[in-house]
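Asks: Take a look at this one; I'll ask things after.
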Amino acid sequence: MATHVLAAAAERNAALAPDAPLAPVTMERPVRTDLETSIPKPYMARGLVAPDMDHPNGTPGHVHDNLSVLQQHCAFFDQDDNGIIYPWETYSGLRQIGFNVIASLIMAIVINVALSYPTLPGWIPSPFFPIYLYNIHKAKHGSDSGTYDTEGRYLPMNFENLFSKHARTMPDRLTLGELWSMTEANREAFDIFGWIASKMEWTLLYILARDQDGFLSKEAIRRCYDGSLFEYCAKMQRGAEDKMK
């Protein structure tokens, strides 16, 4: 009887084990098993908010306007709130959050050229390279962290695992080297566009939001996902400009 009980217990433990002994990478990149202590149903994708263990209800004061989290990530750059982001709006948004003229110009061209066509409502390309927020989920690339799903929802579990897997120096922030290692770990076979896009996005975020010690904080990354980081950066830039006057 005792043998059967022990066997059943061992089977249950195996069914819930996050590690596989013959796959060392599963131990090198552990996943969190305590998420439900703070986040209800952390495995369930969120359509409107971007929660984590410290903010189970998302960003305080951030208005979602019934947009998906991926749409919110992009909405700051929709300068006239018409649901379409043109290159000059991308440029303006980048300038507002602190990038210089040359960097903003290059990034605006690259971003809109790369993302415009998948989001168009029809098959005919536009010479103005607009990005339609309504279809932004169609522009999601591979080799990413998996924090957005294919419909633009936010997955708290994948966000938290980003740090349990890759944050080696500090549990709630990443170094540039750790960011690079993360993008390498997320690479999917033959996904050249995804490899490049992922490295470019994380490098730009690091440049924008790193702290004085050279870390990219968990909170900055989370707020990037729901777009509230861009609003914050623009506010800080306006404050700095006002002090210069």
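Cβ atoms here come from the backbone N, Cα and C positions, even for glycine.
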Asks: Scan Lys138, Lys165, Lys199 for the residue that Swiss-Prot records as ubiquitin cross-link.
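Replies: Matching Lys138, Lys165, Lys199 against Swiss-Prot annotations yields Lys165.
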Asks: Scan Lys218, Lys235 for the residue that Swiss-Prot records as ubiquitin cross-link.
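Replies: Annotated as ubiquitin cross-link in Swiss-Prot: Lys235.
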Asks: Of 11-20, 111-120, 121-130, 221-230, which range does Swiss-Prot call motif 'Proline-knot'?
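Replies: My reading of Swiss-Prot: the motif 'Proline-knot' range is 121-130.
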Asks: Other residues near the Ca(2+) site, CB within 8 A of the CB centroid of Asp78, Asp80, Asn82, Glu89?
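Replies: Result: Phe77, Gln79, Asp81, Gly83, Ile84, Ile85, Tyr86.
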Asks: Mind checking which of Asp78, Asp80, Glu89 has the fewest other CB atoms within 10 A of its CB? They're the binding-site residues.
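Replies: Taking Asp78, Asp80, Glu89 as the binding-site residues, the minimal 10 Å Cβ count falls on Asp80.
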Asks: Measuring Cα to Cα, how many angstrom lie between Lys235 (ubiquitin cross-link) and Asp80 (Ca(2+) binding site)?
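Replies: Distance (Cα to Cα, whole Å): 18 Å.
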